[in-house]
Ligand SMILES: Nc1ncnc2c1ncn2[C@@H]1O[C@H](COP(=O)(O)OP(=O)(O)O)[C@@H](O)[C@H]1O
Ligand SMILES: [Mg+2]
């Protein structure tokens, strides 16, 4: 299989076109994607919208992932372009988390635990022709669903408070719509928010700007939760 042009780049990975309906996702620092493969396969088998896992590519590293090629904007791009409203974006994020958290855990013996994405933000949702798909399962784990809702809220609040980001006003609108959309699912309890804040504070991927607004972001989520 021939590795083609770069199709996208996030904070940790580069995604290249492959022949046929596939892309190659490669971590820039050589991290192993094997754990993600197991989670994504399990979720696909449970009917959750994730890209399908493809056959190993010829010139691939053992740490690469071959994934179904998705065509369409990310939710972040659609919000910025105005083709998706903040209310629609919030409903979509809440629905995706609700559906994810309806699936039984894969590993945990605690019946309350669920698979958590822990980085479900607009950049990690692709609005593909076949429907919205969730990508980027690097951070996935298992635990209480409220932690996932807290993480998504906190991540958006950090963006909303970063003065260097032109999209911050729109993201604040998205956050203001997201917290009410979570209400029927159990909302964002204070202990989940505290745990999410501690996880973010320990995340080496966070930039200095993101770290600087973390506490204020937690306060913003708490104030919008009411
Ligand atoms: N299956 C896919 N099909 C098409 N493009 C993709 C696919 N997965 C990822 N991408 C593109 O690559 C970018 C980075 O992918 P992502 O998995 O979010 O990596 P990161 O961990 O670096 O954020 C995405 O924003 C998207 O543009
Ligand atoms: Mg990503």
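Positions of Cβ are set from backbone N, Cα and C atoms, glycine also.
According to TrEMBL, the feature domain 'Aminoglycoside phosphotransferase' maps to 8-108, 110-154.
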Response to the item:
Across the domain 'Aminoglycoside phosphotransferase' (8-108), DSSP labelling yields 34 helix, 20 strand, 47 coil
Item to complete: Pull the DSSP breakdown for the domain 'Aminoglycoside phosphotransferase' (110-154) and write it out as helix, strand, coil residue counts.
Response: 13 helix, 14 strand, 18 coil
Worksheet item: Which whole number is the mean pLDDT over the domain 'Aminoglycoside phosphotransferase' (110-154)?
Response: 97
